[in-house]
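Report on the following structure.
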Amino acid sequence: MQNTDTTKYIIHSKINADGVIERPDIVGAIFGQTEGLLGADLDLRDLQKTGRIGRIEVMVTAKGGKTKGNIFVPSSLDKVETSILAASLETIDRVGPCSAKIEVFQVEDVRAVKRKKIIERAKLIFTKMFDETVPESQELADEVRQSVRVDELTHYGKSRIPCGPNVLNSDAIIIVEGRADILNLLRYGIKNTICVGGTNIPPEVAELTKKKTVTAFTDGDRGGELIIRELLQVADIDYVARAPDGKCVEDLVQKEIIRSLRRKVPVEQIIEKYGIQEKESEDSACRLERVSKRKMRAPEVVPRIAEKKLHKRVKVHRVSPKTEAYEEESPEEMEEAVTEKIPEKAPEKVSEKSLEKTPAAAEKVEARKAVPKSPVMARPVPAARVPRGKPSAEKVSAVKVPGGEAVRVSPAPARQVPIAPVSPEAARFRPHVDALKGTLTARILDSDDKVIEEIAVRDLASRLKTYRDNVKSVVFDGVITQRLVDIASSNAIKNLIGVKIGNIAKVPADMEVLTSAML
């Protein structure tokens, strides 16, 4: 008996007979007319006894004196032997007393059907029955490292602000933007970190900065700049470190983190860079907004000086209409003793007309200062250079110091930065600049100034590398760096518009680099 599990092929054939015949007649004709035809190895009776050939199935119908039907022969032989056996069936020309014809029309591969079922079932098992894949070695290491970092993460204050484990014990702390930044720094062993969670600085963090040496470490985008501005107003920081342009602290590797922290700058330079001005109090007298902890050292003993006038040397520059070059005067012309006490009142403004009437006032800038009765001394305000041939009247204001008196100071005149001429065609980018203001996003434009894609500024450099010739202009809410200029030049980009221009050494002649202020 043929085992269906071992069947490899099924021979499909059809029979036509001129007469009425039945199944036993057809089976007898198959065994009788093929006996001894193919030799002892392929004799159907022997093959059926050994299980190489299965049960022969016959399905016939008789109609109008003729018989038609199909014959199915299962085989576990190989392809060659099965083909020989199928061909031998077509040699049968008579069944009983009737003439007949057998024709093979298909050899079915049973294993192919099984393979299809196996594939379909395997797809179902793979998609629905595997809950999780086997992780790779790197994934296992990252998971263990991440769990250790999460265990080390602690919280500070009633607001449960995320921070590193050494924030309270360390003399110096690092302020970052979010929880992911703390986890990345913990990964490389930096544990004295605390986050602010955006531009809304928590009061606990502002109070903590008064007791520590603080370094603000922010992202290299406009959001990081806004956080620094907020910290300068509500907290007391000493240094500022920035991530590379377009990168976030949470994405930096160890080498980039160490390099950024080593390049930190004092907060005084940041105040000058961002142009943060001193605020005025309600009584219209200027007050000193902040004093750095590194410079605020209380003296041991300060003797009280009453009714005594001190002389202070102030630099004075002469203004000459003959030349426009900057030129320093001799030491005799740059020194003058000035002493005068000013009553505590609103700051005075000296108009240009009054300065024109007195030539001495147009040539010299005087700073008058009284001795404060407090240990904290007011810093001298150095006079700024005035270019020759460009005289201007200076505004005189009074700065209130803790001694109850006021000091008349002359603020340095603002530098006039020449703005490069902008072509009239560049004004067409103004709508894009206005739409992107404060969004930290970028627009990639084609030759018709149509928006191809709008992405985040942090992804701009990597995304521009994927474009080839269809990009002609880029407008973004960020700083134009040398790296962006080089990438834009390699992609034949003609216009690069940002918020401001960073340290750029060279710009291609066929590229126009503009800022939003120029438009």
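In case you wondered, yes, glycine gets a Cβ from its N, Cα and C as well.
The domain 'Toprim' annotation in Swiss-Prot covers 171-257. According to Swiss-Prot, the feature Mg(2+) 1 binding site maps to Glu177, Asp219, an assignment based on sequence analysis. Look at Swiss-Prot and you will find Asp219, Asp221 tagged as Mg(2+) 2 binding site. If you look up Swiss-Prot, you'll see 316-374 marked as region 'Disordered'. Per Swiss-Prot, compositional bias 'Acidic residues' is recorded for 326-337. Positions annotated as compositional bias 'Basic and acidic residues' by Swiss-Prot: 338-356.
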Would you mind listing, in sequence order, the residues at least six apart from Asp221 (Mg(2+) 2 binding site) in the same chain with a Cβ closer than 8 Å to its Cβ? Asp245, Gly246, Cys248, Leu440, Val457, Arg458, Gly478
Given the model, what does the mean pLDDT over the domain 'Toprim' (171-257) come out as? 90
Helix, strand and coil residues within the domain 'Toprim' (171-257) as assigned by DSSP: 35 helix, 18 strand, 34 coil
Binding-site residues (Glu177, Asp219), the one with most neighbouring Cβ atoms at 10 Å: Asp219
